[in-house]
Structures are given as C-alpha cells and as structure tokens.
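Structure first, commentary second.
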Amino acid sequence: MRQQELIQKLLAGADLSAQEMEACIDSIMENRFTDAGTGAILALLQKKGVTPTEAIGAYENLMTRVTPITLPAHAVDTCGTGGDHRGTFNISTAAAFIAAGAGVPIAKHGNRSITSKCGSADVLEALGYRVDLPASATEEQFRETGFAFLFAPLYHPSMKAVASIRRELGIRTLFNLLGPLINPAKVKRQFIGVFDPSVMELYADVLIHAGCQHAMIVHGKTEHGDGLDEASVSGPTTIIELFEGRLCHHTVNPEDFGLNRWSIDELAGGDAETNAQIIRQILDGSATQAQIDAALFASAITCYVSGMGSCIDEGMSMSKESLESLAAMENMNRIIEVNNRLAEECNTHEG
C-alpha cells in the first residue's frame, strides 16, 4: 500500500489487516516512506488506537529484524511499559535480582530512560553492570549466572530508522507499545507492567500469538487511583494471566500476600545513582519496608511466572528467602563480576 493511500485509510479511521501492518512497518524500516509520511502514520495509528491485529502484524515484522541471541525459552523477562510518570525507583530491576537469587533464570529486555529519570539500563550501569556486551558474551553471562540483560538498541538496530522521527513527534507510538513484547531471546515467560489498562487485552493477544507459555500482565493503582506500570503496594492491582493459551482475570491487593499498604511517595526514586543505592539497600536489608515490599511483590510474581513457584504466595516465600539469606545480594555481586570480566575479555579481543 502506498504512503498516501495508507494515510487516507488511517484518516478515515479504518483499521489495517495484519498483512497491511506488516507491510507498513517494512516500508517504514526500509525508508520507503518519507519522514513526514512516517510521522503522520505513527500519529494517526496512535490517535485511532492500535488494534491487536495491527500489533501482531507489527510484531511479526520487528521480530524478523532482531539481532539473534540464543537463551533458554523458560527464562523470564520482567519489564514495564513506562509512561506512568510516578517517579518510582526501578522496581522490576530490583525484583529481577531477588528472583535471580531464588534461582529464577532472567532475560531482562530494557533500555535507557525514555519517560522517567532512570531506565533499567541506566540503573544497571550505575550498579557497575556493562549493558553493551555483544550477544555471544551475553549468552556466556547467562550460562554462568542465569541472568542476562538485553540492551534494546543492540538487538533492534532497525529502530534507528525511526529514532529521529519518534523524537520529533514527542508522543508515545506503536514502538513504545511493542517494546515490552519484542524480547530478542523470544522468551516464553513474561511479567509485564502496563500504565494504561486499555492495552492489557492487546498484550495478551500478541503474547498468545507469540506462543508465550505463562505471562502476568499487571496494572496497579496508587492510593489516589492513579495508574502504575507495576504490581502495586499502594492499592489494587488488576492482572490478566496467560497460561498455556488460556486467560484469567484477577484483582489482588498487597494484603493478600502479607504485605503492608504504602503511599506511592514511599517508593520515590531519583537518578541512576540514587536508584542503584535503593536496590543495594533492598538486597542488603537496609532499605525501607515500603521499598522492600514493592520489590518483593514484583519478585513473587516473577517466581510464579517462572514455574518455580506454584502460586504468588509460594513466589513470595522464595523471594523473602532470597533476600533474608542474602542470596540476592551475593548473586547480584557475582552477576556484575562475571559481566565485567566478559566485558574485559571482549575489549582484549577487540584490541
């Protein structure tokens, strides 16, 4: 479909088929559309609202473009969509280290900050972790530690084609929507926090299409009723659970799992150094109880999604043991040590 034809169709409010969307993304990534045309298409899709069928078409095209990496499909990705503007610390990153300390294999896909002060890549770097390892070294990192961070720009080089257009538009687009769904390792277990509850069903549809085995898609509320892309310790959390092709809907509260309810202000983060310090304090037990509870809740869900915990309650027990035994802290230190060694080896080989 030609650029002008596509724009006219979207202006009329019409939806695209999966094949049309796949062809559209192909034309965008191969620079067959003008920058103005691509910007118009992305803005019109955002205004209309992306359908599950359109998201699946875009997903299919983007996954053909990833830099390949081979990690076990049973590894778990923990991530959020961002965009809630609540300024919390990096809860899903802290949770990933707690779950890893409990033996859960982690393949976390992430990026630098887009809508917050500090993205997962930023806080990992502040902890001393090198996010720029090539795929082969990242595979070795996972073999040695059961943990890998997949830095989005390294695995989605085709995104450079739209980087300046997205920056100039200054709005969330289809690419922000798909970010949490396009883990290059094609993991089959995911814990995803979304700030906009209207996309939860869409995420479930794409994950079913992708063959995801077990996923928890969550949307939390603060005590003021504002949305969070986290499991909330400040209010209720709505969950869509996907397990082997079947969907279940739940609403849970922190008290259901023995956690206290805290004000969202208690979970405030800052820049990368501040958030790295919060994560260290959570893992060594010196953080506030609010910070610990938020990380425990996310880790408990991660343990459950991994299949190592039979329910969130069991995941909570695993997570508390990981923290209280200092396994999470010791494991994080080892992960960073191995990561730094592999980075040095890469530098030596390049030199």
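FYI, residue positions are counted from 1 along the chain as it appears here.
Positions of Cβ are set from backbone N, Cα and C atoms, glycine also.
Listed in Swiss-Prot for this protein:
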type	residues	note
BINDING	Gly80, 83-84, Thr88, 90-93, 108-116, Ser120	5-phospho-alpha-D-ribose 1-diphosphate binding site
BINDING	Gly80, Asn111	anthranilate 1 binding site
BINDING	Ser92, Glu230	Mg(2+) 1 binding site
BINDING	Arg166	anthranilate 2 binding site
BINDING	Asp229, Glu230	Mg(2+) 2 binding site
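Spatially close to Gly80 (5-phospho-alpha-D-ribose 1-diphosphate binding site) yet at least six residues away along the chain are Ser92, Pro180, Ile192, Gly193, Val194, Phe195, Asp229, Glu230, judged by Cβ distances under 8 angstroms.
In this structure the alpha carbons, written CA, of His109 (5-phospho-alpha-D-ribose 1-diphosphate binding site) and the residue listed as 'anthranilate 2 binding site' are 20 Å apart. Taking each Cβ in turn and tallying the other Cβ atoms within 10 Å, the top scorer among the binding-site residues His109, Arg112, Arg166 is His109. Cα-Cα distance from the residue listed as 'anthranilate 2 binding site' to Asn111 (anthranilate 1 binding site): 15 Å (rounded to the nearest whole number). Of all Cβ atoms in the shown protein chains, 19 besides its own fall within 10 Å of the Cβ of Asn111 (anthranilate 1 binding site). For the recorded site, Gly80 (5-phospho-alpha-D-ribose 1-diphosphate binding site), the DSSP three-state label reads strand.
Around Thr88 (5-phospho-alpha-D-ribose 1-diphosphate binding site), the C-beta neighbours below 8 angstroms that are at least 6 residues distant in the chain are Leu228, Glu230, Ile264, Leu267, Ala268, Gly269, Ala294. Taken residue by residue with DSSP, His109 (5-phospho-alpha-D-ribose 1-diphosphate binding site) is part of a strand. Taking all protein chains in view, 25 other C-beta atoms sit within 10 angstroms of the C-beta of Ser92 (5-phospho-alpha-D-ribose 1-diphosphate binding site).
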